[in-house]
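Contents: one structure, followed by commentary.
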Amino acid sequence: MLTYPDIDPVAIALGPFKVHWYGLMYVVGFVGAWWLGRRRADRLGVQPDAIGDLLFYGALGVVLGGRVGYALFYGFERLAADPLWIFQVWDGGMSFHGGLIGVLIAAWLFARKHRLAFFQLTDFVAPLVPLGLGAGRIGNFINHELPGRVTDVPWALVYPGLGPEGRHPSPLYEFALEGVVMFVVLWWVSSRPRRRGMISGLFLLLYAVFRFSVEFVRRPDPQLGFIAFDWLTMGQLLTVPMALAGIALCVWSRRQPVDDARMQAAT
């Protein structure tokens, strides 16, 4: 077994002003997405400066949707007892699935403003999202969040405050799968023009498969436990409609046009 790295969650402290690693990871993800998005802006048919506007929409969607999603999916009883708890962002967490819904709403608003097809925009955004997912999982790891289940694998970590047993470093698994692998696959697939909706469908399907798999070694949320069959978690349940939507999008995309503003400009 390995000892959990002793990393101070506070990256920078200047008097009462503190910057946490978790917050910095969000910044890293957004800045990385902004930089790569500007490099591919011509594919979307917008000016590079518009990517900053897209980032603003996306950031609002992630933060608002992530918090609302966490409250509804993982803390509904507490929300019902104290509706103002949803504003206590330091107490609780963020939900990827809620953040995804928030980003989709933000994408719809941005697409309307810039007169873009909705799935044309989501295909552009999908390869950028793993940067934020991977950075966020590193933030979870530094904060000792999302511990794995007890195991005896050689790389098991002893989590602070959870007893002497070794546990799966589940945030690192998710970093590798949802961050690194998804980015490489989506970036490579999207390097050539694809039919509208195909990249979005592949994103949903990959995330659903990876998240469903990692949930088997990740400790269930204490306030929920297993929600069915003595093994199904809320995270797994929420990935099922994602997988179905991903498959449906990939099938639907076969009848859609190829999206690339550079090709359209040349015709």
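Glycine is treated like the rest: Cβ placed from N, Cα and C.
Features reported for this protein in Swiss-Prot:
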TRANSMEM  10-30  transmembrane segment
TRANSMEM  54-74  transmembrane segment
TRANSMEM  90-110  transmembrane segment
TRANSMEM  116-136  transmembrane segment
TRANSMEM  169-189  transmembrane segment
TRANSMEM  197-217  transmembrane segment
TRANSMEM  231-251  transmembrane segment
Please identify the stretch among 10-30, 90-110, 116-136, 169-189, 197-217 with the greatest number of Cβ pairs below 8 Å relative to the transmembrane segment (54-74).
90-110
For the transmembrane segment (90-110), give me same-chain residues lying six or more residues beyond its boundaries with a C-beta closer than 8 angstroms to one of its C-beta atoms, as numbers and ranges.
53-54, 57-58, 60-75, 116, 118, 121-122, 125, 129, 133, 145, 211, 238, 242
Six or more residues beyond either end and a Cβ under 8 Å away: which residues meet both conditions relative to the transmembrane segment (231-251)?
73-74, 97, 100, 119, 197-198, 200-209, 211-212, 215-216, 218, 220-221, 224
When you scan the chain for residues with a C-beta under 8 Å from the transmembrane segment (197-217), skipping those not six or more beyond its ends, what do you find?
96, 119, 122-123, 126-127, 129, 133, 148-149, 151, 168, 170, 173-174, 177-178, 181-182, 185-186, 189-190, 231, 233, 235-236, 239-240, 242-243, 245-253, 256
